[in-house]
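Reviewing the structure listed below.
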Amino acid sequence: MPDQLTVYNPATGEEIKTIPQQSATEVEEAIERSHQAFKTWSKTSANERTSLLKKWYELIVEHKEELADLITKENGKPYQEAVGEVLYGAGYIEWFAEEAKRVYGRTVPAPTTGKRIVVTRQPVGPVAAITPWNFPNAMITRKAAPALAAGCTFIIKPAPDTPLSAYELARLAYEAGIPKDVLQVVIGDGEEIGNVFTSSPKIRKITFTGSTPVGKILMKNSADTVKHVSMELGGHAPLIVDEDADIDLAVEQAMASKYRNAGQTCVCANRLIVHESIKDEFAAKLSEQVSKLKVGNGLEEGVNVGPIINKRGFEKIVSQIDDAVEKGAKVIAGGTYDRNDDKGCYFVNPTVLTDVDTSMNIMHEETFGPVAPIVTFSDIDEAIQLANDTPYGLAAYFFTENYRRGIYISENLEYGIIGWNDGGPSAVQAPFGGMKESGIGREGGSEGIEPYLETKYLSIGL
């Protein structure tokens, strides 16, 4: 492994910064520091942790422009989206700063008069987090905030494509007064660091956002030391548009869900399942809006869609489009690319496909790109079956004006997050997480602090 990691702008190929990488030994040293710091951090009062987290939140909001500029440079997403990410991520710190004071125990009626039973909650211990490149700021704060609020220490291993946001967040945390050994950042070989995290008995919890195959490896490797795990894994989100839907609303929300961050999110609508009676109108209106999107460098004025993060992601998107077209799909918008292998820059013009069927790879594989395949249905149970025909169960969307139909759809979709006439359901106040192979645990809401807490009960003999 090289001693240095160079970070590049995916929109221009320009070098942003070169940073040192950590060896396995250095990661083990970071774990030891985290272990020692836990002894004092876990004993701090909830009010003190609340105060420090609020200061961190305020500093992030104060520096939102610089943080957003950094996100756009290392990730490529449009600047305004990056500002939104910073504020969204900061919201988790603000939320869990308050939740730190709401970690309650309870007393339990004892089976005999000679006993008292008291239940308490305690931090689980040092936590290791592995975070993705698509939200290099918010996926850190969404994990760090509840961990620190609960009294855990925290080590972040960010994605090698986008590590700079992690270091800047840590710098602001230290400025807020959070001790350096309580919140640490390490970067290096992903497999090597993952193995150090999972094998160390001093790490008591692993939290990961990323692909399902990698999540499974982390879970297996964590079993030997019986770690707590939180996994926010892959998605393959359906978006159902029923025959009575408000088509203009469905198009507007599909645009927001599908093309945000160039389609590179785990909750992006990946399959548009549209009633056959309105397919033509929906497809025409969607294509009209897609054609208005501007592709380019996220720092340029008016850009809506930035680059694909790397060559591997680009080639997967192209292969899905090619496979669909070979099997009979029609490209009614986009379908063109701009690639520069010398600079490592890859752009996909937002694409809409019709005449899609289940023989095509795009119906079974997460795309992670700005491609909207439209498949039709005639009966709502057929739509639900299509939606559930996947091992994933993170997010789903549907559009109907019939409340009975809406309740029926929501109760039969096998997904942890569902948007009804809403293409952007994620919120700090709500529990984010998936079913089936899309993960374990929830982030956000009152549930978000639970994975970082142990339950202990004390039986007192009188």
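Using N, Cα and C of the backbone, Cβ positions are placed for all residues, glycine too.
The annotation NADP(+) binding site is assigned in Swiss-Prot to W133, N134, K157, P158, A159, P160, G210, S211, L233, E366. Listed in sequence order, the residues of the same chain lying 6 or more apart from W133 (NADP(+) binding site) and placing their CB within less than 8 Å of its CB are N75, P158, A159, D161, T162, I309.
Around the Cβ of E232 (active site, proton acceptor), 28 further Cβ atoms fall within 10 Å across all displayed protein chains. Here Swiss-Prot flags E232 as active site, proton acceptor, drawing on sequence analysis.
Residues or ranges marked as active site, nucleophile by Swiss-Prot on the basis of sequence analysis: C266. Taking a C-beta cut-off of under 8 angstroms and a sequence separation of 6 or more, C266 (active site, nucleophile) has the following same-chain neighbours: N134, T209, E232, L233, G234, G235, E366, L394, A395, S438. Secondary structure at C266 (active site, nucleophile), taken from DSSP and collapsed to helix, strand or coil, is coil.
Around K157 (NADP(+) binding site), taking its Cβ as the centre, 25 other Cβ atoms fall within 10 Å, counting all chains. Long-range Cβ proximity for G210 (NADP(+) binding site), meaning a same-chain Cβ under 8 A and a gap of 6 or more residues, is found for I130, T131, P132, E232, L233.
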